[in-house]
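S.K.: Can you keep this structure in mind? I'll have questions shortly.
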């Protein structure tokens with residue numbers, strides 16, 4: 001897999017995607033182009049990284065903890081094997097099937113933006129973008145990996161439990 005490092009997307013690219021029926025937004029979060037749409041659980045946790053744990057944590061550790069929430073949910077709650085990290089940010093099944101994307105930002109020690117977990121997403125949209133700038137990567141979903149429909153509604157309580165566990169906090 002090859003990673004594209006440019007954040008610049010041309011007006012032609014924006015017009016092409018809009019022509020397919022997509023909305024196109026430029027944001028201040030980390031990461032490159034991605035897709036958000038129906039069937040995708042998008043969570044934007046807001047944490048004060050200076051007060052999140054017994055001691056402050058850095059941005060990299062925070063990203064690792066977000067990844068761990070998803071890994072635990074996929075492996076413990078949905079019994080998907082071979083879920084983990086690669087050299088690229090996000091959560092992967094095997095080396096090249098991306099299950100979830102992360103794109104965060106931090107201002108004055110407070111996190112914003114977050115993660116997108118494919119539940120029963122129309123993965124065809126990923127045929128039109130190089131997700132997160134990683135050429136050769138394939139998108140996958142909980143539904144595809146479980147060989148059944150996995151809804152956002154089914155996934156939310158499991159993710160909330162995993163957040164509470166990984167971050168050792170009450171989640172409201």
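Using N, Cα and C of the backbone, Cβ positions are placed for all residues, glycine too.
Straight from TrEMBL, here's the annotation block:
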DOMAIN    1-171  domain 'BPL/LPL catalytic'
BINDING   29, 30, 31, 32, 33, 34, 35, 36, 101, 102, 103, 114, 115, 116  substrate binding site
SITE      98  site 'Lowers pKa of active site Cys'
ACT_SITE  132  active site, acyl-thioester intermediate
S.K.: Name the residue among the binding-site residues 101, 115 whose Cβ has the smallest number of other Cβ atoms within 10 Å.
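M.R.: Result for the binding-site residues 101, 115: minimum number of other Cβ atoms within 10 Å at 115.
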S.K.: Among all the protein chains here, how many other CB atoms are within 10 A of the CB of residue 35 (substrate binding site)?
M.R.: 21
S.K.: State the Cα to Cα distance, in Å, between residue 115 (substrate binding site) and residue 98 (site 'Lowers pKa of active site Cys'), rounded to an integer.
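M.R.: Answer for this pair: 12 Å between alpha carbons.
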S.K.: Counting every protein chain present, what is the number of Cβ atoms, excluding its own, within 10 Å of the Cβ of residue 103 (substrate binding site)?
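M.R.: Its Cβ has 21 other Cβ atoms within 10 Å.
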S.K.: Measure from the Cβ of residue 98 (site 'Lowers pKa of active site Cys') and count the other Cβ atoms within 10 Å, all protein chains considered.
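M.R.: Counting Cβ neighbours of residue 98 (site 'Lowers pKa of active site Cys') within 10 Å gives 25.
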S.K.: Fill in the CA-CA distance, residue 98 (site 'Lowers pKa of active site Cys') to residue 35 (substrate binding site), as an integer in Å.
M.R.: 12
